[in-house]
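Student: Here's a structure for you.
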Amino acid sequence: MTNVVDFIRQTVDRDHVYDFMMPQQNPMLEVGQGFLLYLEGISVSFDGFKAINDLNLYIKEGELRCIIGPNGAGKTTMMDIITGKTRPDTGQAWFGQKINLLEMDEPEIAQAGIGRKFQKPTVFELQSVFCNLELAMAGDKGVMPTLLARLTPSQVDRIDHVLQLIGLVGQRNLPAGALSHGQKQWLEIGMLLMQSPKLLLVDEPVAGMTHQEMDRTGELLTNLAGEHTIILVEHDMDFVRSIASEVTVLHQGSVLAEGTMQQVQSNPKVVEVYLGAEA
Amino acid sequence: MMNPQASLDSNQRLFDRSTVSFLAVLGIVMAVVIGANALFPQGSALHVSTYTVTLMGKYLTYALLAVAVDLVWGYLGILSLGHGAFFALGGYAMGMYLMRQIGDRGVYGDPILPDFMVFLNWQELPWFWYGFDNFWFAALMIMLVPGLLAFVFGWLAFRSRVTGVYLSIITQALTYALMLAFFRNEMGFGGNNGLTDFKDILGFDLQSDATRLTLFFCSGLALALGYLACRYIVTSRLGRVALAIRDAEARTRFTGYKVENFKLWIFCFSAVLAGIAGALYVPQVGIINPSEFAPLISIELVVWVALGGRATLYGAVIGALAVNYAKTYLTAALPEVWLFSLGALFVLVTLFLPNGLVGLFKKLTGFSKPKEVNA
C-alpha cells in the first residue's frame, strides 16, 4: 500500500524528471575533452564480409583529418555509418556528447550538423547553381516552411558569398548539369557550406581533377578547417601530404595507424599494406 | 529522361506566360461554349448542344485528374498507376450524396434506402452511408476519403522507401483490390451496377440545361484552381525540393530534407485533387461503378500525361483532352482498333516524343532552352 502511495507521489511530483525525458548523454565521453565525433567498437558486416571491424575513431573539434587506406578498407562504409545510411551491428557513434547518431536517419543527422560530399559529385543537375545552394541552405526543412519559404536579402547575400568562395559567381544561373566535373565538386562543397555543418565528410574531392583544380580545392578545404571540422577520405597521396596534419590509415575495417603523415609513412605496417604499393 | 527545359520552367513566377495563356484559353473556351449553348437557339449553326457541353465538362474533370498525376509523376518522379482509385473514391462519395437525394423517387419508393439496398433486402442504411444526405458532409468526404487512403498508403510505402517500379506495381494492386471490393454487393456500394439513376443535385434537376452548364462551369473552375494550386506548389521551394527528390533522392536526404514527408504531402494533395475531379465527373456522366477502379484506366491516365508532356502541368491538360477526344471519335468510328491505337500511342510517345506534344511543339517552333535560368 505504501508502495502505491509512494508511486503516486513520485508520479505527480512536479519536480520529478522521468527517465525518458532526460537528455541522452554518452556515458563514456567526459565533458570538456572537445571531441566532436566519437566512434567506438563499430562493426558491420555484409553477408558475412566484415566491412568494418571494431573501428575506433575520435575526431576533435576544428580538426582536418585525412582517412586513407586501400580499396575495401571500409572508408565509404564508415561515412555511411556516420551519416545514417548504414546501421552498424555493434558499437557506438556519438556526435558531440548528446547526439546519438545510431538513433537518427539521414535528414536528422544532416540537420544536426553533419554534411556529406559524395565520391561522385551529386548535385541537382536540372536546377541552377543558385537553386542548388538555396536548397542546401540551413533552416527549417519541414514541408510547410518549405512551401512558404521566401528568400530574404541576407540569405541571397549568403548564397552569393558562398558562390564567391567556390568560384562559381559566373555560373550562378547556369543549370548545375552544365558545369565541369571539377566545378560540380566545388558546388557540392558549397552546398555543404550552406548547410553550416559542424562536421564535413568529404569523399575523394580531387578525383578526376586537374592540378590547378586540385590546388584550388586544397586551398578551399584548408580555409574551411578550423571553423569546421573536416574528415577527408582521399586516395591521392600528394594531395593528402599537401594539406593534412593528422592522418588515419584504415585497413580491413579497422584503424591500422594514426599520426602525422611522416609518422604514418614510416610505420612498417602501413608501408606493407598500402604505401609500399604506392611508392 | 526528363526534359531539362520543362524542369527549369518551374523556377519561374507563379503567373508565367504558360500559366496566363492556359488560364486565358480555358476562360475563353468556357465563355464561348456557355454562350453558344445559352444564347443561340437549338438548330442555329452557332448552337452548342447540351450533350457537347456535358462531354466537354467530362473532359475537363479528366484534365484535372491529369494535372494531379503530373504533379506526382512529372515533378516528384512517383509513377502512380493507381490514381484512378482516388478519382473513383471521390466519385463514389458524390454518388452516395446523389443517391440519398433521390429519396422516395426510386423504383421501390423507399424514402431512405437506395434501390439496390431494397433489392438486396437490407432493412436499414449501413453506418457508412450516414451523413451523405448532407451535401457539405459529402463534399468533405470527397476530399477526405481519397486523401486518407493516400496518406495511409503513402505513409507505409514511402517510409519503407519503396520506389520506382515496385511502387508503381503496388499502386496498381491498390486500385485492383478496391475494384474487386467494390464489385461485391455486400460492400454496400451497389456492386457491379454501382450508383446511378440520379435525379438532382442540391435540389436542381440533373437533366436540365442550366444544371449541366453549371456543372461544366464548376469543372472548368476546379481545373483552373487546381492548376493554380499545383503551379503554386511547383514554383515554391517545395517544388524545387520535389525536383531534387526526383533527380537525386539520396542527395536530398543528406541535404536534410525528410524525403518521405515531402512525398507523402504531395501524394495526398494530388489524391485530393483526383477525388474532386471524380466528384465533378459523376453528376455529368450520371453513373459511378467499380470499372472506374480498373487498372487499365489508371494506366490510361499516365498515357495522357506522357502524351501531353510531363512536368509542365498544361501538357497534362493537352494530353487528357487530345486522348479523350480521339477516344470519343475512334470508339465511334473504329471501335475495334481503339485499344490498339492507345497502346501504339504510348509506345510511339515513349520512343519518339519523350517530352510529349509540348516537347515536340517547342522543338518545332525553335523555342529552345534559354542559356540562363531564372532563380
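Easy rule for this one: first residue shown is 1, then count along the chain.
Even glycines carry a Cβ here, placed using N, Cα and C.
Caution: TrEMBL annotation is automatic and unverified by curators.
Got these off TrEMBL a minute ago, pasting:
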type     : residues  : note
TRANSMEM : B:20-39   : transmembrane segment
TRANSMEM : B:85-103  : transmembrane segment
TRANSMEM : B:135-158 : transmembrane segment
TRANSMEM : B:165-183 : transmembrane segment
TRANSMEM : B:213-234 : transmembrane segment
TRANSMEM : B:262-281 : transmembrane segment
TRANSMEM : B:301-325 : transmembrane segment
TRANSMEM : B:337-361 : transmembrane segment
Student: Can you find at least 3 Cβ pairs under 8 Å between the transmembrane segment (B:262-281) and the transmembrane segment (B:165-183), where each pair is 6 or more residues apart in sequence?
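Tutor: Contact absent: fewer than 3 Cβ pairs fall under 8 Å.
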Student: Which one, B:20-39, B:135-158, B:165-183, B:301-325, has the most C-beta pairs under 8 Å toward the transmembrane segment (B:213-234)?
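Tutor: Top-ranked stretch among B:20-39, B:135-158, B:165-183, B:301-325: B:20-39.
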Student: Which bits of the chain, at least 6 residues beyond where the transmembrane segment (B:165-183) starts or stops, bring a Cβ under 8 A of a Cβ in it?
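Tutor: Long-range Cβ neighbours of the transmembrane segment (B:165-183): 78-85, 88-89, 92, 153, 157, 189, 191-192, 194, 289-291, 293-295, 298-299.
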